[in-house]
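J.: From TrEMBL, here are the annotated features:
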- 1-28: signal peptide (SIGNAL)
- 31-115: domain 'X8' (DOMAIN)
- 131-192: domain 'X8' (DOMAIN)
Amino acid sequence: MAKLPLPCPVISFLLLFFSGEISMLVNGQKAWCVVKPAEPQQALQSALDYACNYADCSPTKKGGSCYDPARPAHHASFAMNAYYQKMGRNQWNCHFNNTGLITLADPSYNPCCQFVSGGSGPPQPQKKEDTWCVPKPGTLGSALQNIINFTCGILKECSEIQEHGSCYFPNTLINHASFAMNLYYKTDGRCN
């Protein structure tokens with residue numbers, strides 16, 4: 001099987017749904033902007049600061065419904081999404097120095113902290129080579145490991161995420177699962 005050229009990390013703009021058991025690329029009507037998995041704290045803070053200059057980030061402040069100091073990625077995602085929705089839901093409204101991605105999976109992580117999704121209709125159409133299949137941020141480690149085991153067991157092409165491989169770092173389950181899922185999607189054409 002021919003190897004596909006895949007950038008590391010293998011995440012750009014994406015259309016994603018992950019239910020905990022299954023993931024698939026979908027054409028949906030709502031879209032959210034979230035931070036890419038494993039972005040450094042400095043990038044999260046930069047995106048948060050920029051977005052909050054233009055959008056309402058009060059729910060992420062102390063006392064707000066989305067305030068959780070243990071979840072800086074969720075604060076950044078909330079702010080990035082508020083900006084993305086306010087500015088018109090264009091691809092470029094979710095760039096944030098290449099730290100943002102577009103998802104069709106609702107990133108709201110508790111009933112008190114709901115991410116807004118504006119309008120109806122899908123985001124700007126993407127070419128297949130510009131879409132990625134990755135797990136939803138916050139997916140349990142056991143589910144991520146099952147994804148890696150399944151996709152690498154079928155494809156036998158996961159040497160890039162093995163020690164000394166070109167995509168081994170950052171050495172996290174979410175990044176390795178993202179690589180495996182996207183490789184499966186690019187090879188098989190399916191994200192499930």
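Yeah, the Cβs are placed from backbone N, Cα and C, and that goes for glycine too.
TrEMBL: automatically predicted annotations, no manual curation.
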J.: Could you give the number of helix, strand and coil residues in the domain 'X8' (31-115) as assigned by DSSP?
T.: 35 helix, 10 strand, 40 coil
J.: Compute the average pLDDT of the predicted model within the domain 'X8' (31-115).
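T.: Mean pLDDT, the domain 'X8' (31-115): 88.
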